[in-house]
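**Q** Feature annotation from Swiss-Prot assigns transmembrane segment to 24-44, 58-78, 96-116, 126-146, 155-175, 178-198, 214-234, 267-287, 300-320, 338-358, 369-389; the stated evidence is sequence analysis.
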Amino acid sequence: MSQPISPGLIRSTLRQFLDSEASGGLVLMAVALAAIVTANSPLAEGYFHALHIYLGPLSLLHWINDALMALFFLLVGLEIKREMLDGQLSSWSRRILPGAAALGGMLFPALFYILFNRENPAALRGWAIPTATDIAFALGVISLFGPRVPASLKIFLAALAIIDDLGAVVIIALFYTSDLNLLALAAAAAVLAALYGMNRARILKLWPYLLLGAVLWVLVFASGIHATLAGVLLALTIPLKATPGTREASHEQSPLHHLEHILQKPVAFIVVPIFGFANAGVSFSGVSAATLTEPLTLGVAAGLLLGKLVGVLSTVFLLVKIGLADLPAKASWGQMTGVAALCGIGFTMSLFIGLLAFNDPDVQDHVKMGILLGSLLSGLVGAAMLATFNRRS
């Protein structure tokens, strides 16, 4: 007769899962699949209706993408700052690599898209759609491999995706925003200056930063710029080290480490899964073979799958070979190729730009299919390459 499973064993197993590096990626993949199934089931109408219910000034979907995801960007920003000051990005040769790779990873996808749509001037308005990398999904996939992927590569991907998102924000502001609120933008700059001043004054309490951070989010949102940028900007002002000689002076007890520790589990198991479920639900109704072979669909898919891979990898190869940058520590070229492919997971920001670029629902369907196809293939290719070269190394 089999023995009953003890509650202690269940708690221990659950704790091991939550503490494993791959767990966040597994949860994200599961909820993304659940969203796709839901969006193509009898529950689809309720799913899409719920996302567009207005709660105050914003729909539920916008609260998730603009407010909740600011916490994700805050956490990623904290990690980037820590690595830049005291980690894998602490030298200029390592900082320049993700920056240049992000630029290459935006230029080549745009060129691929233009190549497919050069005969249709109206479609060229969507040139920026495949330039974006979805940082949450890309990091979710790479986290599936846990410690088998060097930490330096994960930091490289996070830094590249952050710069990529900042580039997407600039593109939206310059090419897809007609009513930028300069007054709100100026006020946001003033709040950011105050946060920087607090850092320079060595104010170590977290609550003043978080309070002004909330104000910064409101002002960035009001300016017309994607509000998640506020999370990154706030992170850059959080102190990494305490005042020398104080009890809090160790790295582990610095404000940045403390906030990073607070955010890690909620972001991995609440924020990102909610984001994934809200954004991954793409309906296949009305999709035909003709939809998949339209130049617009193919341009978006090729831009994400091929443009990102070629743009990121060729830029990294060039910089390393001419001696301007170093390959991330303990990483192989095979692993770098896999990470370059993961950069083609576009999803949220690509969808956002696509909806801004085109108002026609039929055209939007083509855009969504291109994003889904390109992102899915990029994720599969990147994961396959990482799995292959992780075994070899």
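Quick reminder: no glycine exception, Cβ is built from N, Cα and C everywhere.
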**Q** Should anything in the same chain at least six residues away from the transmembrane segment (338-358) have a Cβ under 8 Å from its Cβ atoms, list it; otherwise answer none.
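**A** For the transmembrane segment (338-358), the far contacts come to 65, 101, 105, 109, 125-126, 128-134, 136-138, 141-142, 153, 156-157, 160-161, 164-165, 168, 171-172, 176, 226, 275, 279-280, 300, 304-309, 312-313, 316, 364, 367-368, 371, 374-375, 377-379, 381-386, 388-389.
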**Q** Verify whether three or more Cβ pairs under 8 angstroms connect the transmembrane segment (300-320) with the transmembrane segment (96-116), leaving out any pair fewer than 6 apart in sequence.
**A** yes
**Q** Look at every Cβ pair spanning the transmembrane segment (214-234) and the transmembrane segment (58-78), keep those 6 or more apart in sequence, and say whether at least 3 of them are under 8 Å.
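**A** By the criterion, they touch.
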**Q** Ranking 24-44, 58-78, 267-287, 369-389 by Cβ pairs under 8 Å to the transmembrane segment (300-320), which is first?
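**A** If we count Cβ pairs closer than 8 Å to the transmembrane segment (300-320), 369-389 scores highest.
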**Q** Do any residues, 6 or more residues outside the transmembrane segment (58-78), come within under 8 Å Cβ-to-Cβ of it, and if so which ones?
**A** 50-52, 135-136, 139, 158, 161-162, 165, 213, 217, 221, 226-236, 238, 256, 259-260, 263-264, 266-267, 271-272, 274-275, 278-279, 348, 352
**Q** Short question: which residues 6 or more past the ends of the transmembrane segment (267-287) have a Cβ under 8 Å from it?
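**A** Non-local partners: 18, 23-24, 27-28, 31-36, 38-40, 44, 47-48, 51, 60-61, 64-65, 68-69, 71-72, 75, 136-137, 140, 347-348, 351, 365, 368-369, 372.
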